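One structure is given below, encoded as structure tokens.
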């Protein structure tokens, strides 16, 4: 530990500056490369030659560090490391997600343990070193399987047997060479062996598995020269340093002369505790971990022409060669709103004679001092997550040395002549020499895709935002396209996609990463994907927390609560069989429930069917615990919608599949009413990405995202005009609702009630159409509307959400106020006071009315859900931004999640449900 502390202390010194590649604390001064690569991408080789530097990695949220990396120049005078010590999983091979995790799950399935580790859960479990320790900790926390032994000693044997079988399955993957070596591993090992540097692999994994990786993937010749330390060779696993100290002792080398290559925080801790120099090569699971104590951080070791580091670099790092500082650091980038950041970027250009006028930039930063780059001096918080929470991400740039002795404001107003970066002769974007700064701003501030498109299209910005940025993974991508791609990579549905799947989605969305980003964001916004949500189903309710846990309550006649029984529950109860599975979306129908996991799996329970037969009873068999829908195993699903006669699911790529009620006269494909196979919805939507689906009693709406904008398609039964085409005829194939173009309205959310539908536009207008019974369309009457019509009485609000039920409609404004109209039966509209002059709280409401009972709770409502079934009394949920859930309406089956007194069957005013969805 002392050696590690000394190492950290020496690096922290502001008077000693590493020559090439290094970790540097925020307070240090050092020579900064001209080409700053904030995103961690490797610049083109020509850029590296010009600058003499590699890429700069900005630490993720909350990490007070900047990591600079480079392939170093050769230095024959430096002594080489005595030994190179490699971790195995994640360093030699990225084995965890598609190797060890799959093998664990196959083992669990063979033993019929009812356990499955999804991608996110396994990422959390990796914080525990060792496979046996991992399983033991998981079972201790979640409960041991029924088939597991009861005594502690027997459980150790049970875990050991599981781990043995898992290793066998994993080794089969390695022997088939289904998992490739990571870039640069073979090259660096060959270089070390050729120069007499000892090489070892130090891993907490099973020794046989590690030996198989070394032998099969590196070859027997190399394997004979590599020492392996793995498994239970030491009593304590990483982050304990025991395995690295054992390696140094066995190899006969001083720990301080060793360089370790790791990929995880626990491995880093082990290496530093052993007093060794440690280089991090991030892997899929560890990209966001804290590597603040690392000596260098890279995305991989790298092969030509993308070499990240070599043996000479390791020697430089080990000897800690320093140069005196030659520049000052200036922390930049404020927290900016979208409009401000675009104005700032535009203001940073030179026009006409190439002079810069900085006061316009200063106005955006409320008088703070401006640095040479045109940004305020000082580190400030910046939004870096989709949730909007801020985190302090330090970033550094260089003040022009010629200005370093001038006061900041004098530097700002100095007039500068520069060459044009674009095709004409006006001035240049001053950050053109360091486009990574711009990329960081665009990415970290989460700009809207339209803002990125505006920057690229603007004549003000010369050609800077349109020219190839010369970054990997595609040197031809513009800086705005790279920013869009970076933001896509933060999204849960995008992260696990292969490069082929990503390219397919890109082409499907219109050939641009900005369009892919718009598609993903649109789906997140309208479906509350990755956020807490509540579903008011027909007689039963489902609540999903922001962490993906699921609670259910209410009617349970078909096992639709998922607890393994048929007993009703009035109190929210956790579905424990889903532990370890993160649910991101839920749907509820009559006697059935469907849940979508973050891995795209669909779990169903309740009636064993996907729809009711039109003239007969169907679904007599029941399933009382969540079961994965096998027919959807090969489709990555992001949303489900349950109608009365059919079920629809939406894939990650925006394709719509339906079950049941799909004969040729209904949904455009042949299938039996009880068909359990998903059928792709044919017609115009085959080549159009869909971001949201909504199922009514006998029809389906689809919100599509096209390059030209958002649009709505409808298909199914047209009675009452609910398909929105100006007629009451059925539609066999999805048909575009053209009225939105006439209204100049861009739909952002769709809702399908039993017999009527609604849409919220980007400008906050609300349209309704279909059967107008009880005033559910909000137009002041009970007339039907066969095309979408704007609800004029809502013109004074900006709507962000709409929900529809059986002749009822709710609208949520951007201020959190809630309006409702339609059928007042079961008190589901929330107007508990006398509203018809007779004291009748069940009165119908023909025009939107503020739900004052929800306003009185002093919480901002973000989602409304209400029962969408003609056979059940309705109830309503209101979810607030603080995660509180309020319920009102019918509660005779316990579906409100609150206890009713005496002979009560409903609640007229919102009551808080005892469950925290945040």
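Backbone N, Cα and C define each Cβ position, glycine as well.
Curation does not apply to TrEMBL; its annotations are automatic.
These come from TrEMBL:
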DOMAIN    532-866  domain 'RCC1-like'
REPEAT    548-599  repeat 'RCC1'
REPEAT    600-653  repeat 'RCC1'
REPEAT    654-706  repeat 'RCC1'
REPEAT    710-763  repeat 'RCC1'
REPEAT    764-815  repeat 'RCC1'
REPEAT    816-882  repeat 'RCC1'
REPEAT    883-918  repeat 'RCC1'
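Looking at which of 548-599, 816-882, 883-918 has the most CB pairs under 8 Å to the repeat 'RCC1' (710-763), the answer is the stretch 816-882. Between the repeat 'RCC1' (548-599) and the stretches 764-815, 816-882, 883-918, Cβ pairs under 8 Å are most numerous for 883-918. Assigned with DSSP, the residues of the repeat 'RCC1' (548-599) fall into helix, strand and coil as follows: 3 helix, 24 strand, 25 coil. Over the repeat 'RCC1' (600-653) the predicted model carries a mean pLDDT of 82.
Sorting the repeat 'RCC1' (710-763) by DSSP state (H, G, I as helix; E, B as strand; all else coil) yields 8 helix, 25 strand, 21 coil.
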